[in-house]
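J.: Got a structure for you, written out below as structure tokens; questions coming shortly.
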Amino acid sequence: MTKDILILAVETSCDETSVSVIKNGRDILSNTVLSQIESHKRFGGVVPEVASRHHVEGITTTINEALVDADVSMEDIDAIAVTEGPGLIGALLIGVNAAKALAFAYDKPLIPVHHIAGHIYANHIEEPLTFPLIALIVSGGHTELVYMKDHLSFEVIGETRDDAVGEAYDKVARTIGLNYPGGPQVDRLAAEGEDTYSFPRVWLDKDSYDFSFSGLKSAVINQLHNQRQKNIPIIEANVATSFQNSVVEVLTFKAIQACKEYSVQRLIVAGGVASNKGLRQSLADQCKVNDIQLTIPSPKLCTDNAAMIGVAGHSLYQQGRFADLALNGHSNIDLEEYSAE
């Protein structure tokens, strides 16, 4: 009988303290998430120092809760996976040092995981990854198109040249007057409005899979500023709808085109913005028309969580890609450099 492989995973790259236990690469035995949204809401965004303090306060309790929920002990764990980056360096160090302490104390292998690889592997939980595939990464800090020919093989074929899509959502939300986090609020409001504004769609160079959202963001901000200056009433839902349609149209078109050019029949979506209902519907419609298999994680697995780190960590475990206790956190790590040889 084959022994079950249990991975304890730790994620502290931004404003969620999360610990998970993953069995055999796909089964979630526990996935404890301690959110900091309420603490950051009054600032209108994540404050790194506040985030780090909350991670320090919550990491030990979160580890214990994850083990209890999974009904396992540290002796049962085969390896410890942890997000090494990219992310907020102070936040990352809390998780990395906690993972190193556990690895040392219990003599367990230590697995460093790229945060974006984790988001990609969240899809593997719901449906096994099949290759080749295109991954559309949409989050607060990243917007990328990635070609994967096999497990842990990452070729970035497109990325944002300025703002990530999540950043654009948050800035537009603040301009409209919505509370943090802005992305989900814009998505909800967009479902109630009409596309009455001609906001730009930024395509960039012909055949380019890069993205740019700073011009769109500025167009929305300038439109609202001009209307307020002239005392012209603003219908917030229409602004949200028009903005979201501009974003979704570009993301969908480039993702589908990438699938066609690379002769790929599988598209996966990863990152916090993958929970956006407008984007999910647009991709579903176009994938159906183009006979492309679409996988998007359930919303709870789109946002930062340790389960996705554990799933990616299991693939790294199988390849024997471990770190020693000199492991450190890194605010920036190139996904392609992290790719398997």
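Cβ coordinates come from backbone N, Cα and C, glycine included.
Quick paste of what Swiss-Prot says about this protein:
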- H115, H119, D304: Fe cation binding site (BINDING)
- I137, V138, S139, G140, G141, D170, G183, D187, N276: substrate binding site (BINDING)
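For each feature listed, report its degree of burial, its nearest neighbours and the pertinent distances within the displayed model.
T.: Over all protein chains present, the Cβ of H119 (Fe cation binding site) has 29 other Cβ atoms lying within 10 Å. H119 (Fe cation binding site) falls within a helix when secondary structure is assigned with DSSP.
All protein chains considered, the CB of G141 (substrate binding site) has 20 other CB atoms within 10 Å.
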J.: Indicate whether G141 (substrate binding site) is helix, strand or coil by DSSP.
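T.: DSSP assigns G141 (substrate binding site) to coil.
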J.: For D304 (Fe cation binding site) and G141 (substrate binding site), determine the Cα separation and express it in whole Å.
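T.: Computed Cα spacing between D304 (Fe cation binding site) and G141 (substrate binding site) is 12 Å.
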J.: Cα-Cα, whole number of Å: H119 (Fe cation binding site) versus I137 (substrate binding site)?
T.: 8
J.: Among the binding-site residues S139, N276, whose Cβ has the fewest other Cβ atoms within 10 Å?
T.: S139
J.: Please report the DSSP secondary structure of D304 (Fe cation binding site), reduced to three states.
T.: coil
J.: Between any two of I137, V138, S139, G140, G141, D170, G183, D187, N276, the residues recorded as binding substrate, what is the biggest Cα to Cα distance in Å?
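T.: Greatest Cα separation within the listed binding residues comes to 18 Å.
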